């Protein structure tokens, strides 16, 4: 009887213990989410400050004869150090929080870069708050076995097949059909970027476990992920460089953020099963946070002042002391149909008369011969129509 009573008491005590364990696990997962979010926000803000410092150096030394004069300034090296520090913070954040939470937080870098757009910054902050609050709480240990199991799962294999086919089609149209649309180029960047963030999270998680004592560096999957991370990052930077040569940086920032975030969240949800077990309310609020952050980034980059390109023609209103020949100072361009003089406004000269051979008066020479007298030549005058 005592044994049966003790067993019954033990069974009755099991549920409270199980609920306490789940509560502690939930609080631990929220703590890890907070650490990862703070690291990502810190990293993106520091990277934004670093880019502004380096841009300031390039602008200040734009007229220097030495094209690498910025290497000799302390400000540029400070920007480089801050950039490495920020990227390290973003890299470390993947080891704590889910991929679906870290990727959208790159909107913070837009806030630090274009802080004068108050409405866009406000929406980006609200979206970031919703993302952090309703982010998924999946915290699987990034061991070699778990990563290998996810890599060979049929949902991810199907996703990879669709992504490879889409990437090849876009690359064909971009290279062979000259489809240079900003959406095409940045979608190529987004597809590569989704693989970059998936491999970054795997590499960062395995390194974190190795530092904590569970060595993961002997798994071949670690080096496979490392090679894929470097390769996709290099090709991603190459496509971004090509896009920056054809389109404005604000357009690239807004469209690239929206496409890259959407594709990366999808890849994380398929590979790491970030939203598995989440209720519908949390998923909807997380999606709402993404949409608000998208709108905020769009408004931030849309309100940015565009740079005025160099105009190689003369503007009449830009010349002091000159009468304005136009209503609003339009540019003066050569009129190739009427005259070869640069800046001519109107010329009614007859081209055929200008290039007709002119007849010059010729005086008869007297040689002292009596029979040399004759009728002088008739002088022709060259007339010009007014």
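Each residue, glycine too, has its Cβ placed from N, Cα and C.
Look at TrEMBL and you will find 35-54 (among others) tagged as transmembrane segment.
Distant neighbours of the transmembrane segment (75-94): 35-37, 39-40, 42-54, 56-57, 102, 197, 200-201, 204-205, 208; these residues of the same chain sit at least 6 beyond its ends, with a Cβ under 8 Å from one of its Cβ atoms. The transmembrane segment annotation in TrEMBL covers 75-94 (among others).
Marked as transmembrane segment by TrEMBL: 114-135 (among others).
Under the heading transmembrane segment, TrEMBL lists 156-174 (among others).
The transmembrane segment annotation in TrEMBL covers 180-209 (among others).
Marked as transmembrane segment by TrEMBL: 221-239 (among others).
Annotated transmembrane segment per TrEMBL: 251-273 (among others), in sequence order.
Annotation source TrEMBL lists transmembrane segment at 280-300 (among others).
Where the transmembrane segment (280-300) meets the stretches 35-54, 114-135, 156-174, the count of C-beta pairs under 8 angstroms peaks at 114-135. Using a Cβ-Cβ cut-off under 8 Å and counting only residues 6 or more beyond its ends in the same chain, the transmembrane segment (156-174) has close neighbours at 150, 180, 184-185, 187-188, 191-192, 194-195, 266-267, 270-271. Remote same-chain partners of the transmembrane segment (35-54), defined as residues 6 or more beyond its termini with a Cβ less than 8 Å from a stretch Cβ, comprise 70, 75-76, 78-83, 85-98, 101-102, 105-106, 108-109, 111-113, 128, 132, 135.
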